[in-house]
């Protein structure tokens, strides 16, 4: 009981100047508390759900065209459950690590715990290095994907500029996320982000049903193994948003209450992703194979423009979600993590944005890049490594007996937990990384061969040739 209380007595945040402990709460402090300081269970739920359902909402119909309706639905349900389970494992390991460190009188008041530090404290430096490499690379490309999505979406409102130019512009806009200190300060953003994706999901569903099926629509998927496993790994990526679980937990006032939050967030996300992907695929069928962004097939209307604008704002928020752990790692590397000046820390964070900006211009393949990141990075970062780490942390009888978080009884306690962990590792290693890695790399290389690096406008409509109807010159 004492250790439980110890875990729950959490003072979160690196920015003590933002705290108002022991001070009278004036209007300003109450407003900041309402909009800025978020550490409740509800804040964590909004952050998890908002982070999980970003731009993939627009690429899931593309995955359904590759997988077919039945496989697309089953993969969403399967990876949603596996994602909820591994998020639970990460939360259990975080609580275990934090409890052990606090028993040693370690103070986390000015320090944000991250996943690689949990691995280091529980399993040693080799696990830390592997976790750090996978986690940072995944979050780097996750930020790249958000930037690519911004350019892809705005093009459907304003095509006066090509997508590469829009990437330059939104790269500068997203760089302002350096001023958001931690997940503790995403309260209003995560709430608004989820409202925005909810609107977009139901717009896609209703607009597709009202539009009806296009003439001669075909639903021939799955037709090729390459496309099948490419679509499956995009769904793997969709439910792999828990790479930031530790940072979200650390932002909570009572992190031990997190364990069921991610699963509840996933259940809500499925109510958005399944109807929207199924409806768009029903309406447009195989046309989606050449249109990875669902917006590109729906006719322009004020409702579509509103959905595009809301998704743009949400992608800015999700860019911050993916980048914030990178900012924190960079701060720790250069010795700025405990600096109290927000402006100095923001300036120190800017170099993190530059490689993201550059990679988004090099690989603007909206859709295919999701599958590649899903198979090569997400598979290890948020599925295989957490499952293995949980098994190795509690491999001894003493560790299992003294574990702060015991596995649920209805799953069979430790026998059930180890059985599920083995299934996760084998399934994701074979299907996600093996077949998925092969398929996504074949597809990704095909995009490079077709469009090339630094392509100016990926999957933009080809302008008609000006001289296509010009009469031939008369013979001499």
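The first residue you see is number 1, and the count goes up from there.
Backbone N, Cα and C atoms are what each Cβ position is placed from, and that goes for glycine too.
Looking at 45-68, 261-284, the range tied to transmembrane segment in TrEMBL is 261-284. Long-range contacts of the transmembrane segment (166-184) within the same chain: residues 12-15, 18, 37-39, 47, 112, 143, 146-148, 150-151, 154-155, 244, 247-248, 250-251, 312, 316, 319-321, 323-324, 327-328, 342, 345-347, 349-350, 352-353, 356-357, 360-361, 364, each at least 6 residues beyond the stretch ends and with a Cβ under 8 Å from a Cβ of the stretch. Counting Cβ pairs under 8 Å to the transmembrane segment (350-367), the stretch among 132-154, 226-249, 306-330, 373-394 with the most such contacts is 132-154. Proximity of distant same-chain residues to the transmembrane segment (132-154), defined by a Cβ-Cβ separation under 8 Å and at least 6 residues beyond the stretch ends, is recorded for 54-55, 58, 114-116, 163-164, 166-167, 170-171, 173-174, 240, 243-244, 293, 295, 308, 311-312, 315-316, 318-319, 322-323, 325-326, 329, 355-357, 359-360, 363-366, 369-370, 373, 377-378, 380-382, 385, 458.
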